Amino acid sequence: MPQNEYIEQHIKKHGRRLDYEERKRKKEAREGHRVAKDAQTLKGWRAKQFAKKRYAEKVAMKKKIKAHQESKVKGPSTPKAEDGEALPTYLLDRQTNNTAKAISSSIKQKRLEKADKFQVPLPKVKGISEEEMFKVIKTGKSKSKSWKRMITKHTFVGEGFTRRPVKMERIIRPAALRQKKANVTHPELGVTVFLPILGVKKNPQSPMYTQLGVLTKGTIIEVNVSELGLVTAGGKVVWGKYAQITNEPDRDGCVNAVLLV
């Protein structure tokens, strides 16, 4: 063994540290932070050399990604060189359909289907003011603080929902106004089923109301339709489907919705 390979000789003789793999993994994980720090702090000639090296790495990575993507595309997009004769211009677009074109067309078709699929029964709803939605709750020893709000509309919270500590809870969702199930009507079958709510997809009033799970007229909710036995074209059972609320839950005391099919 050459004299300058004493490190390899030591490894072969005594082995590595017990935590070598863990230290190596952590060092590789920190590499991104080190590179980012160097990019911000280096100056002068070292900064130029660093930028040049990073540029070369990025160019190589882009070439590698491009080559990988081109390898996935099936079918010749250009005539083969060994054929001996070139195709005329009017036949250039008559090559064998490749996977990229098929994927592109399928994505466009899915977008069109999605646009047709969600034609909601209530396209417009009346706006609700914050004064109507939230009730101010006075807090503090002398009831002088008014930073808490209580939602006056019906809401949906998930199964694993836990309230925050009382002193830090800014928005209160009363337990008496929480809904877990909805009366969902299937427009084609003409039947109404009492189905559990899975989540609130979109509240037309505000994204904040969507996040809070407020149930108002026109809200799109996701319901569990496994009881209906709906099946996709591929033979899979449909688990969740969207429905739109058609009534005022805070007035009626229940949630009525129409399934979007």
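Residue positions begin at 1 at the first shown residue.
Cβ from N, Cα, C; glycine included.
Swiss-Prot lists 1-38 (among others) with the feature region 'Disordered'.
Taken from Swiss-Prot, the feature motif 'Nuclear localization signal 1' applies to 11-18. Under 8 Å from some Cβ of the motif 'Nuclear localization signal 1' (11-18) lies no Cβ of any residue in the same chain that is six or more residues away from its ends.
According to Swiss-Prot, the compositional bias 'Basic and acidic residues' annotation covers 17-37.
Per Swiss-Prot, motif 'Nuclear localization signal 2' is recorded for 51-58, and the stated evidence type is sequence analysis. For the motif 'Nuclear localization signal 2' (51-58), same-chain residues at least 6 beyond its ends with a Cβ under 8 Å from one of its own Cβ atoms are 35, 39.
What Swiss-Prot records for 59-85 (among others) is region 'Disordered'.
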